[in-house]
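Student: Dropping the structure in here first, questions after.
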Amino acid sequence: MLDDFFIRALLAGIGIAIVAGPLGCFVVWRRMAYFGDTMAHSALLGIAMSLALQWSLLVSVFLISALVSMVLVLLQRRGGLSTDSLLGILSHSTLAIGLVALAFMPWVRVDLLGYLFGDILAVTRADLATIWIGAVAVGGVLVFLWRPLLAGTVNAEIAAAEGQSPERARIAFMLVLAFVIAIAMKIVGILLITALLIIPAATARRFATSPEVMALLAGLFGALASTGGLYLSLGTDTPSGPSIVVVALGFFLLALLPLPDLSRRVAVSPAKGETS
Amino acid sequence: MTNAMTGVAAIAAGPLVEMTGVGVFRSGRWLVQGIDLEIRPGEIITLIGPNGSGKTTTAKTAIGIVRPDAGTVARSDDLVVGYVPQKLSVDRSLPMTVSRMMTLTTKASGVDIASALERVGMAHLRKAQVHDLSGGEFQRALLARAMLRRPNLLVLDEPVQGVDFSGEIALYELISELRESEGCAVLLISHDLHVVMAKTDRVVCLNGHVCCAGSPNSVAASPAYRQLFGARAAEALAVYRHQHDHTHLPDGRIAYPENSGHGHDDGHDHAGCGHDHGEPHAHAGETGASPGNKAAHDHA
């Protein structure tokens with residue numbers, strides 16, 4: 001079964017989507033969309049490093065993304081420039097350095113489009129194993145970090161005052177994000193990873209009444225979008241990443257239709273039980 | 001679960017937090033410096049001071065949110081903090097019911113959550129999204145959340161912000177009730193002297209440093225305090241002064257006779273509603289005897 005490239009791609013897409021969903025919820029809640037983008041863009045520098053040093057692609061991309069996120073943390077602490085501007089600087093300069101570095105290595109043939117937009121043909125059995133082992137690991141870390149991460153998302157000071165170490169959770173979250181970007185790169189491509197993080201989460205928001213439900217729904221919507229997108233890609237010979245994002249957007253737009261809105265249902269019963 | 005003795009037993013123990021010479025340095029200046037503050041079990045401490053005087057910084061340093069750049073902060077091993085921050089808004093993208101917010105940092109059973117919400121009069125809103133609550137409801141929910149941890153130190157940073165006038169009184173009543181039944185220490189940050197002062201054991205007046213501290217009586221008398229807050233604030237304290245001997249009650253509890261106190265201070269008699277000022281404490285005599293108070297009332 002795994003001999004079929006398409007089955008491999010489907011499984012890879014689902015594996016990534018079910019962790020990208022919950023992770024994407026935190027990206028949305030913490031308003032880190034641009035941050036995810038920056039880390040993803042820096043992946044190109046990771047690719048260049050991998051080619052130059054003959055290192056594993058996964059390790060190189062993870063290291064560079066993680067490095068960029070830590071540089072951001074340091075620059076934020078230094079103050080002076082807004083996070084917005086810092087991200088703008090890091091995002092595009094790492095992308096540019098990556099492209100320049102690749103140009104310096106004329107002997108390597110790089111399928112740049114494949115990296116930028118994803119390539120279903122490229123998913124090997126080894127990739128599949130990496131993705132699923134990675135997904136399980138990321139899922140485990142998320143479950144383990146859930147309370148401190150969520151508490152820190154709602155209010156870092158409450159979390160700190162009440163023993164949740166939100167700063168540690170935040171850094172762990174960034175590393176997990178870097179890792180997911182490294183493993184998701186092949187499927188959706190560098191430029192579109194953020195979409196796989198954010199669009200399913202945004203779709204799920206509409207139907208969720210608690211953070212946990214939203215995280216699970218985001219994983220589900222992501223998996224559906226990934227599957228649908230890969231079929232679209234197969235049928236119309238379009239690049240896999242954009243196809244997945246287009247289908248994800250379709251779900252998001254569908255969710256905007258005026259269905260009964262569950263999340264806004266305020267359970268205010270007549271205040272007979274009220275004491276004051 | 002509630003026990004008036006808690007406070008007494010706890011008072012015998014060491015301090016929950018002991019700050020010695022604490023300073024916090026940020027962006028090229030000292031936010032606070034040379035802060036000595038001890039929080040003992042069961043006592044209510046009010047931090048007052050003008051804007052930017054370091055009240056919040058001091059409280060955050062006490063409970064470990066902010067790391068001091070000078071001095072030391074020693075915290076008791078069994079310290080359990082319940083924190084209600086000054087500002088909290090939950091992003092709309094994050095779905096969160098009131099009852100889900102209760103277990104943000106602690107696990108709790110459904111029964112405990114229900115009873116915590118019941119105590120602050122929020123039981124009927126447990127399934128509501130926090131974004132849909134009014135300011136007062138949200139503060140109550142935050143208070144219930146902090147109390148659910150069974151803290152021995154409750155830290156409240158301007159807890160009546162965004163709450164209307166009557167809600168404010170109700171909220172202070174509630175805080176007072178909770179602290180009486182739970183026996184926890186309270187570190188309260190406020191600029192609202194009239195209401196708060198009446199319930200406090202110790203006042204620490206900040207202005208980048210501890211400008212004066214001690215019983216409300218001694219703070220009221222302090223020239224540093226009067227200089228910092230001006231005559232009008234001094235009036236509020238003076239009004240307060242004559243009725244505050246309660247810190248010395250042997251069982252560690254405080255009866256709040258602020259109704260009589262605020263009765264003099266027209267416009268502020270709201271503060272004392274519903275409290276047990278029936279106990280005829282020794283300061284009845286002091287009320288009449290203190291010329292300082294009389295003067296203050298005339299101004300008011």
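Numbers run from 1 along the shown chain.
For all residues, glycine too, the Cβ spot is worked out from N, Cα and C.
Among the features that TrEMBL reports, transmembrane segment is placed at A:6-29, A:41-74, A:86-108, A:128-146, A:171-201, A:213-234, A:240-259.
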Student: Take the C-beta pairs under 8 A between the transmembrane segment (A:213-234) and each of A:6-29, A:86-108, A:128-146, A:240-259. Which stretch has the highest count?
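Tutor: If we count Cβ pairs closer than 8 Å to the transmembrane segment (A:213-234), A:6-29 scores highest.
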Student: Kindly say whether the transmembrane segment (A:86-108) and the transmembrane segment (A:41-74) touch, using the definition of 3 or more Cβ pairs under 8 Å where each pair is 6 or more positions apart.
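Tutor: In this chain the transmembrane segment (A:86-108) contacts the transmembrane segment (A:41-74) - 3 or more Cβ pairs sit under 8 Å.
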Student: Spell out yes or no: are there three or more C-beta pairs under 8 angstroms between the transmembrane segment (A:128-146) and the transmembrane segment (A:240-259), with each pair 6 or more apart in sequence?
Tutor: no
Student: Same-chain Cβ contacts of the transmembrane segment (A:240-259) under 8 Å, 6 or more residues past its ends?
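Tutor: Hits for the transmembrane segment (A:240-259): 9, 13, 116-120, 187-189, 191-192, 195-196, 199-200, 202-203, 206-207, 221-222, 224-226, 228-230, 232-233.
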